[in-house]
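Student: Sharing a structure, written as structure tokens. Questions coming.
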Amino acid sequence: MTLQAYQEKAAACWAGCQQKHASLMANPNLSGGQKLAVHYFTVAMVLFMAQLLFGLLAGLQFIFPSFLYEILDFNVNRMVHINAMVVWMLYGFLGSVYWFLEDESGVEIVGLKWGQLAFWVLTGAVTIVVLVYLLIQIGSGTDTSLWLINEGREYIEAPRWADIGIVVVVLTFFYNVAATFAKGKWSGIAGVLTLDLVALAGLYLAGMFYVTNISVDQYWWWWVIHLWVEATWEVLVGCIMAWSLMKLLGVRRKVVQTWLYIEVALMFGSGILGLGHHYFWIGTPEYWFTIGGFFSALEPIPLVAMVVHSIYDAGAHKFKNSNHPALAWIIAHAFGNFLGAGVWGFMHTLPQINLYTHGTQWSASHGHLAFFGAYATINIAFFYLAAQQARGNVWMGGELVNGWRWKTAAVLLNLGVMGMTIALLIAGYEQSFIERAVEGSTWAGYFAAQNHPWFMQAMVWRMVFGLMTAAGGGLLFWDLLEIGKGEQRPAAVIDSEAVNP
Amino acid sequence: MTEQSPPRWASETFWKKTAIWVTGGSFVLLVILSFDSMKQISAGGPRVPAYSVINKDVSYRFDKAKQRYQPTIGNDAPLFGKTLSEEEAEKLVDHGKKTVQAKNCMNCHTLLGNGAYFAPDLTKAWLDQGWGAKESREQMMVNFLLDPEKNARTYGSNRKMPNLDITPPEAEAIVAFLKWMSSIDTNGFPHNFIALGEEDK
Ligand code: HEM
Ligand code: HEM
Ligand SMILES: [Fe+2]
């Protein structure tokens, strides 16, 4: 393609984006906060696609090690894969909160302009960070590299300048949320959500400094990673679920709020000290065996409670609702969270087994099912809620035009991730036995396990199911752009009496 | 339908209070434990040796009483033949740690078992039998880091570490960091690991 042709294409694409943007801003079906939410959801979906693409590249390198060698090495692909994941999920959460903020508080968002500015600043920063990851990749062993290129700490690799930018953006978001609730109604959900956001943002600070001592480094690194996904993110999702159950099924506020408090008590009561399951082997004292083992073993309890709660509510309200895709993804969330985090997490959380599984494909198996099951699902449910409203609150229940598309996407995504999880589980067992138990974790032992036919077969199956996942992701993207277009039937009105007792 | 108020233990206010107390209590406990852990894992403390440990022979042996492996600190064995002061050692290890971060090692390897699973764990890399003999180990490690492609020992996997433009001073610093890391008491992880020079003990 000539440069000119390329420029023309880029200009046409940009014009298309601007047109889409203009029509979004003029959409009469959405409130100000909801328009902002759609912005967040759009970027989230794009980053989700990037996550899948770079996951495929990294996965291929297990099978063909010379693929993209010294062009896009495994560490680069993997970093983009997991960073895209963390960022798209956070975009989804921010968007979800902006989505229901006005509904929940009963007033317009205070300081919406700042929220809009923050969105563009954040998106600009994310773009720059990703370009630097891909084009510059690594630096010399100096502070400058950590400030400008990448911090080299899994999941929170973003360079320091971006960390500071993220904190500023999150503070703006927090101001929007707190000020809006303060002006309108302070519901139980509002209270839990606001306090949870303070904790979520505060924890990020624990990952923003450099230390020489790697034990101290990993101690605080786990504060960010664990206390995010096993405490504050879970509670944030609990708030989002509480609101969704009221809206989608008409569950009474008193019921969901009581459940929310129960879940907070169980989740924080087990998850905060459950942090100790990461302190078995990093130099930290032996008492973490007992504390980490005990409390993390309790972590599945709130996840069971959430399944019971959502299934009970869905049954009690006879599954009557007019957004089937969203409801399906909420059910996938309840089960996925329980399976991926609860069951898969529990299986390797006691130190007696973790001694052998720690840092093997076992962790990757759990990581995939937990992040997908707990957090990808609930975000996708929200994308469908947004699509429905944006298209004029149309019917999205049974006999949907092109209903095959959302169903196929859901099946491909869930089967794909489940298949990858099982493949990695097999690889993880094999690695734990051969590398760890038999060979004593030497480098030779590591490669003996990696070269074993069982391991290599598992890597091939992971790719097969990875492609299935990616196909599902692409179909989901397409469906979200199209679903509900041309639909004339209005969504059924959920009994508002039940929503506001 | 008339509203019957739920029993106390199922009421909203009861669970609200419980949530606040449980969260607050757990957090306070975590903060107290964190202070204690910080004390125990500061460099030079009981579990994480001072950086000048790189002047000594480090190994890893089975402790009969504890029934687990544990690092051991032996006689003088200065790295690259130079005995360093505590400050010099800290500076060198610090440079190594910074290089490890800037080169993004953790997205292929694990360190203390955390990171990525594409390449071997680095926790005890210094002690690995793959380096052949203690005498040539330091130089082999430096050579490997400077040109991993040419010095690759892929054990038949064909997985090669890429050239990360590591400079000679950075390579020595990384080796110092790895040696220091291998001396951390990791509660017996990895289990059953036989260190270089411990084969027939
Ligand atoms: C939605 C919630 C959860 C998510 C998203 C999640 C995700 C992850 C991820 C990605 C890792 C690997 C971290 C790394 O790269 O080193 C991990 C590790 C771990 N998770 Fe979870 N997890 C969740 C919940 C749980 C629960 C509830 C448990 C226990 C009951 C658990 C137990 C563990 C353990 C023991 C490890 C350490 C594995 C190792 O030693 O290598 N997780 N988790
Ligand atoms: C196209 C499908 C996908 C493929 C081929 C893929 C591949 C990979 C690969 C090769 C790694 C590196 C593992 C290692 O270090 O050995 C990885 C890590 C990871 N991926 Fe994926 N992935 C895919 C989709 C997903 C999805 C949908 C999620 C979650 C929503 C996810 C979450 C993660 C996480 C959390 C890690 C880090 C795990 C750990 O450190 O334990 N991936 N993935
Ligand atoms: Fe955890």
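The backbone N, Cα and C atoms fix where each Cβ goes, and this holds for glycine too.
Annotations for this protein, taken from TrEMBL, read as follows:
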TRANSMEM  A:37-60  transmembrane segment
TRANSMEM  A:80-101  transmembrane segment
TRANSMEM  A:117-138  transmembrane segment
TRANSMEM  A:158-177  transmembrane segment
TRANSMEM  A:189-211  transmembrane segment
TRANSMEM  A:223-246  transmembrane segment
TRANSMEM  A:258-281  transmembrane segment
TRANSMEM  A:287-314  transmembrane segment
TRANSMEM  A:326-347  transmembrane segment
TRANSMEM  A:367-387  transmembrane segment
TRANSMEM  A:408-429  transmembrane segment
TRANSMEM  A:459-481  transmembrane segment
Student: Quick test of the contact rule: Cβ under 8 Å, at least six residues beyond the ends. What residues does that give for the transmembrane segment (A:287-314)?
Tutor: 230, 234, 238, 241, 245, 249, 251, 255-256, 259, 262-263, 266-267, 269-280, 327, 330-331, 334-335, 337-338, 341-343, 345-346, 349-351
Student: Of the listed stretches (A:80-101, A:158-177, A:223-246, A:459-481), which one yields the highest count of Cβ-Cβ distances below 8 Å with the transmembrane segment (A:189-211)?
Tutor: A:223-246
Student: In the same chain, which residue numbers or ranges, 6 or more beyond the ends of the transmembrane segment (A:37-60), come under 8 angstroms Cβ to Cβ?
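Tutor: Those are 24, 30, 67-68, 72, 74, 77-78, 80-82, 84-85, 87-89, 91-92, 94-96, 98-99, 116, 119, 123, 126, 130, 376, 379, 382-383, 386, 390, 459, 462-463, 466-467, 469-470, 473-474, 476-477, 480, in sequence order.
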Student: Could you tell me whether the transmembrane segment (A:459-481) and the transmembrane segment (A:326-347) are in contact, taking contact to mean 3+ Cβ pairs under 8 Å with a sequence separation of 6 or more?
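Tutor: Contact absent: fewer than 3 Cβ pairs fall under 8 Å.
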Student: Relative to the transmembrane segment (A:459-481), which of A:80-101, A:223-246, A:367-387 accounts for the most Cβ pairs at distances under 8 Å?
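Tutor: Going through each listed stretch, the top one turns out to be A:367-387.
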